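Positions annotated as domain 'Major facilitator superfamily (MFS) profile' by TrEMBL: 11-409. If you look up TrEMBL, you'll see 45-65, 77-96, 102-123, 135-154, 166-187, 221-243, 263-280, 287-306, 312-335, 347-370, 382-404 marked as transmembrane segment.
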Amino acid sequence: MDKGWKAWSVVLASVLIQTFAFAPTEFIFGVFVQEYLNMFPTASPSSIALIGTIGSSTTFLVGFFSGAFSDRWGYRVTSAIGSLIMTAALCLASFSTTLWHLYLSQGILFGIGASLVYFPAIAAPTHWFEKKRGLAMGIAASGSGLGGFFLAPLTQFLIDRFEVRWTLRALGVYSLVICGGASLLLFEHDNSDGEQRWNEEKQYRKKTRQSFILPEYTKGLPFAILVIFQFMLSMSYLTPIYFMELYSTHIGISRQMGAVINGWFNGASFVARIVSGLLADLVAADVLLLVCSWSCTLAILVLWTFSRSFPIYLIFAIVYGITFSGITTVTPVIVANQYGPRQVSGVLGIVYGFSCLALVAGSFISGHILELSKPYIDYLPVIMYSGSMFAVSALFATTWVILLRRQMRRMQTISSDNKAYKE
């Protein structure tokens, strides 16, 4: 554990996969928004944003099954199939002539493929690390920020040079080569990792192959609060990302500089995921979650509200990238510590699956709020909506942490009493 070329190969594979799994539907989708508005002049911003939200929500919804699928057939097989599906989805999207074609291709089909690569990618490193689990998962999660950092300006460059259709095909090739190749590196434990650990793994695999019935841990109050926390977070976190480049042009920033802001957002996300993973090993991961949750709320309500120029908006994008990425990095670490590494994929699959409707509803609501401000576009109501949803999610995050700490103290007390009784 915590060493060996296989362990770090799994981390590398997770990084490569996460550079792309959410890129076309979230972290670089803002680059596509203006292009799709030009392609479909009668479409509204909310209908365009629906492409990305359908993709992300499908990724989370299919998480109900992709976690169990990977437990049945293994991480490498599941991820390889997902890579092929993502490639096919983007190639089909490049031939779209109506908006619903994009809903089906870049939305639903890509979301299915992304789910099959994403959940194995976030779960695999937890099997190989214990003491450095936070660092390993932070490095793995940094793939999202790294991908957005170079894919956002690269995608804008390709669109300006070759138009959006050939750009989608180029991204399809990226999916096939990078994600498909990385799938082969998602090694799983063998007998060299210890006979007892391997036997436990086989027993768990045997159990999960019997049915898709929700496991026992889903019946507790902490799990329910975790679901609500992620649900409320999903109602709002895509809003600043999707409207990042549109808001840039709204305050007089060029499209190229808007792509730069998007790149810095993803660059900050890349660094923050590694640092927050390292900090999760050094300090309490649940405390780090609360700091990031409340800081993210303040960043939206304060910094975004007063972003009327390039420097201030750039600062907001960086702060948002840091704090939001901290939330998404430490949450799986807490889940792994609480429920065990073998159940990370299943737990997060269920939690994210419940959040799929929130993703669709959140982007639709924010887009509709923006349309209601016409003919004088005003982003302040959108900012207030996003910030308030983040505040509610932070409250539930706080509740979740309190419940977990009480549960931990109760278990320690029981353990101490049993030890004293035996003595």
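A Cβ is built for glycine as well, from the same backbone N, Cα and C atoms used for every other residue.
Within the chain, the transmembrane segment (135-154) has long-range Cβ neighbours (under 8 A, six or more residues past its boundaries) at 2, 7, 11, 14-23, 27-28, 30-31, 121-122, 125-126, 128-129, 259-260, 262-278, 280-281, 321, 325, 328-329, 332-333, 336. Note on the domain 'Major facilitator superfamily (MFS) profile' (11-409): its mean pLDDT in the predicted model is 84. Ranked by number of Cβ pairs under 8 Å to the transmembrane segment (102-123), the listed stretches 45-65, 166-187, 221-243, 287-306 are led by 45-65. Among the listed stretches 263-280, 287-306, 347-370, the one sharing the most Cβ pairs under 8 Å with the transmembrane segment (221-243) is 347-370. Residues 27, 134-139, 141-142, 144-153, 241, 244, 288, 292, 314, 317-326, 328-330, 333 of the same chain, all 6+ positions outside the transmembrane segment (263-280), place their C-beta atoms under 8 angstroms from a C-beta of that stretch. Beyond the ends of the transmembrane segment (166-187), by six or more residues, the same chain brings 6, 9-10, 12-14, 16-17, 19-21, 23-24, 75-76, 79-80, 82-84, 86-91, 93-94, 106, 113, 117, 120-121, 124, 155, 158-159 to within a C-beta distance below 8 angstroms of the stretch. Sequence-distant neighbours of the transmembrane segment (312-335) (same chain, 6+ residues past either end, Cβ-Cβ under 8 Å): 122, 126, 133-134, 137-138, 141, 144-145, 226, 230, 233, 237, 240, 244, 247-248, 251, 253, 261-262, 264-273, 276-277, 280, 285-286, 288-289, 291-293, 295-296, 299-300, 303-304, 306, 344, 347-348, 351, 397, 404. Non-local neighbours of the transmembrane segment (382-404) in the same chain are 221-222, 225-226, 228-230, 232-233, 235-237, 239-240, 243, 286-287, 289-290, 293-294, 296-297, 300-301, 304-305, 327, 334, 338, 362, 365-366, 369-370; each lies 6+ residues outside the stretch with a CB under 8 Å from one of its CB atoms.
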